[in-house]
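*Asks:* My questions all concern the structure below.
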Amino acid sequence: MCSFFLCQTGKQAKISMGEENQTFVSKFIFLGLSQDLQTQILLFILFLIIYLLTVLGNQLIIILIFLDSRLHTPMYFFLRNLSFADLCFSTSIVPQVLVHFLVKRKTISFYGCMTQIIVFLLVGCTECALLAVMSYDRYVAVCKPLYYSTIMTQRVCLWLSFRSWASGALVSLVDTSFTFHLPYWGQNIINHYFCEPPALLKLASIDTYSTEMAIFSMGVVILLAPVSLILGSYWNIISTVIQMQSGEGRLKAFSTCGSHLIVVVLFYGSGIFTYMRPNSKTTKELDKMISVFYTAVTPMLNPIIYSLRNKDVKGALRKLVGRKCFSHRQ
């Protein structure tokens, strides 16, 4: 596998296929989201705002959880991991997209494309696993509150976090290896705005069935399996909440779980649409719009959803702001 990657680095390395000479692709060209100049300027402004909100929002969540001792609980430990994953997820794609809005020729090197896919899949698949872990945490908190502290220990939280990142790394390694094991000769124009396996496979010079099946199998592992766990957890949560006598307890449970459920629907819905259906020979505009949703919009919405619907996070923010105001007065 490594030797195959090394042979791709030669600029315009010549090979022979039958009687016809072809060249290995050394870089890819994106068609982007639009070819219209005015539309690209508007998209640049929109994506810049989204990216700034993503960075500021997720960094704020990470800082608040680190500084406020009241947020040193399993739920916020996993939320901090999720915010970090969102930050890496968006940063692996959006800055390059912003640059491409300002230039006529939108290119990326072969190795740059490979690196982008590795990071994108690593943090994206890790986020899938983290959302499943967070649903299990909510299940234990709502359905087994008396055993919560003994089940969700620090050691268990660290282990679940490690397994989430390890599963993301495994899926990233498998999908990237299968994608770049294929030969890419001659054609190098990607009808997309970043390197994503389904779009890249359309340029492969041989049949991609085995690679598509490998990516589909990994999708089952990292998308459908966690979704099944999430659905099972929420089925038990809803059953428990309905039986609660306290109206305040019901409201608190639905508020806490509601934020997580919104994030799950947004992220998994778009991910399953892209990776769990047959790969067509052409990239449709709808495919690119769905990709925008989970690469740019969802990472921006996550901190907003969790902070606006969470009293603890809002309390930590008020405490931090009050501390800053007090220090300025002194």
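Every residue, even glycine, has its Cβ placed from backbone N, Cα and C.
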*Asks:* Read off the topology recorded in Swiss-Prot and answer whether T73 and M276 share one side of the membrane.
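*Replies:* Domain labels do not match for T73 and M276 in Swiss-Prot.
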*Asks:* Quick one: which of N21, N81 has N-linked glycosylation site in Swiss-Prot?
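*Replies:* My reading of Swiss-Prot gives N21.
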*Asks:* Near the transmembrane segment (289-308), which same-chain residues lie under 8 Å Cβ to Cβ, leaving out any that are not at least 6 residues past its ends?
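*Replies:* Hits for the transmembrane segment (289-308): 33, 47, 50-51, 53-54, 57-58, 60-61, 79, 82-83, 86-87, 89-90, 93-94, 120, 124, 192-194, 196, 259, 262-263, 266-267, 270-271, 273-274, 314, 317.
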*Asks:* Would you mind giving the whole-number mean pLDDT across the topological domain 'Cytoplasmic' (236-252)?
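*Replies:* Taking every residue in the topological domain 'Cytoplasmic' (236-252) and averaging pLDDT yields 76.
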*Asks:* Take the C-beta pairs under 8 A between the transmembrane segment (212-235) and each of 42-65, 74-95, 156-174, 253-275. Which stretch has the highest count?
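*Replies:* Per the Cβ count, the answer is 253-275.
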*Asks:* Restricting to CB pairs under 8 Å, which listed stretch, 42-65, 156-174, 253-275, is in contact most with the transmembrane segment (74-95)?
*Replies:* 42-65
